[in-house]
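Peer 1: Below is a structure I'd like to ask you about.
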Amino acid sequence: MPTVQSTCWVFTLNFKGEIPILPFNERVQYACWQHERVGHDHLQGFIQMKAQQSLGQMKAIIPGAHFEKMRALNSDQAKAYAMKEDTRIEGPWEYGKYIKKGSHKRKIMERFEDDPEEMKIEDPSLYRRCLSRKMTEEQRSTAEWNYDMKPWQDQVIQEIEETPDYRKIIWVYGPKGGEGKSTFARYLSLKQGWGYLPGGPTHDMLHIISGEPKNNWVFDIPRVASEYVNYGVLEQVKNRVMVNTKYEPIVIRDDNHPVHVIVFANCMPDFTKISEDRMKIVHC
């Protein structure tokens with residue numbers, strides 16, 4: 001039988017004499033409890049964990065307590081039941097910070113803002129994701145174009161102002177370097193609903209893209225990687241069926257939402273690897 005796990009639990013702890021002190025640890029996000037007397041003295045409570053825990057793990061937090069996985073429709077109801085007045089003798093008491101349903105993402109960023117160094121030690125992967133989001137939002141809020149627009153840049157803007165379709169890939173070609181391709185690519189990618197990639201292996205690129213599958217995408221190909229342009233990824237993004245095989249294989253379908261794809265490169269497309277009719281070439 002699979003082990004029962006949950007982030008939300010209710011508990012009862014019988015006692016005699018003085019009210020016991022509950023030894024909550026850093027795994028507990030929030031707890032509320034009160035002294036009740038229905039035939040005998042006991043503590044009735046609700047606990048919200050930071051991550052899913054098994055029954056055995058919960059019993060280790062409060063030895064001797066009877067635990068059950070939350071059965072209420074939501075955590076608000078379970079919390080209210082644990083603090084009901086009709087059977088209360090003393091309390092209620094609270095520990096930690098309660099996270100309402102639907103607010104998890106906001107609370108994670110609040111934790112990051114409150115103490116990024118603690119998160120860096122506790123969960124380095126989560127810290128890096130929060131840092132990435134924060135830095136992107138900061139750059140996006142201050143992004144400005146302080147240069148005169150070149151004709152090819154005007155042409156790109158005209159192309160992306162049109163409604164995207166399922167085929168056209170905008171390919172910005174500048175063989176010499178110094179035309180402003182990368183500067184313009186970075187600027188475009190800071191627009192809301194846009195993402196940036198420098199190319200790379202299929203599984204890495206699609207893992208990143210699957211995090212924001214509805215984005216328009218800018219691919220800024222370094223000169224050193226010009227002969228390794230990943231045409232398969234470009235087509236998957238345009239076709240709106242994306243297969244991410246990294247860590248956990250998933251298929252993302254977004255058939256009714258075409259997006260723009262722009263490639264900035266020092267080379268022309270290799271038409272042995274992609275259909276010529278897909279390409280809208282913009283010369284720098």
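Along the chain as shown, residues are numbered 1 onward.
Every residue gets a Cβ built from N, Cα and C, even glycine.
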Peer 1: Which one of 91-97, 98-104, 105-111, 189-195 shows up in Swiss-Prot as motif 'Nuclear localization signal'?
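Peer 2: Comparing 91-97, 98-104, 105-111, 189-195 with Swiss-Prot, motif 'Nuclear localization signal' matches 98-104.
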Peer 1: Motif 'RCR-1' per Swiss-Prot: which of the ranges 10-13, 170-173, 206-209, 218-221 is that?
Peer 2: 10-13
Peer 1: If you look at how Swiss-Prot annotates this chain, which of 81-84, 185-188, 241-244 comes out as motif 'RCR-3'?
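Peer 2: Within the set 81-84, 185-188, 241-244, Swiss-Prot attaches motif 'RCR-3' to 81-84.
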Peer 1: For the feature motif 'Nuclear localization signal' as recorded in Swiss-Prot, pick the matching range from 51-71, 261-281.
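Peer 2: So the range that Swiss-Prot calls motif 'Nuclear localization signal' is 51-71.
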Peer 1: Please report the distance from the Cα of Gly178 (ATP binding site) to the Cα of His42 (divalent metal cation binding site), rounded to the nearest angstrom.
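Peer 2: That comes out at 74 Å between the alpha carbons.
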Peer 1: Which residue, of the binding-site residues Gly174, Gly178, Gly180, has its CB surrounded by the fewest other CB atoms within 10 A?
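Peer 2: With the binding-site residues Gly174, Gly178, Gly180, fewest surrounding Cβ atoms within 10 Å: Gly178.
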Peer 1: Counting Cβ atoms within 10 Å of each candidate's own Cβ, which of the binding-site residues Glu36, Asp86 comes out highest?
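Peer 2: The most densely surrounded of these binding-site residues is Glu36.
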Peer 1: With helix taken as DSSP H, G or I, strand as E or B and everything else coil, how many residues of the domain 'CRESS-DNA virus Rep endonuclease' (3-98) land in each class?
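Peer 2: Tallying H, G and I as helix, E and B as strand, the rest coil: 15 helix, 47 strand, 34 coil.
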Peer 1: Give residue numbers and ranges for long-range contacts of the motif 'RCR-3' (81-84): same chain, 6 or more residues beyond its ends, CB-CB under 8 A.
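Peer 2: The answer is 10, 32-34, 44-46, 72, 91-92.
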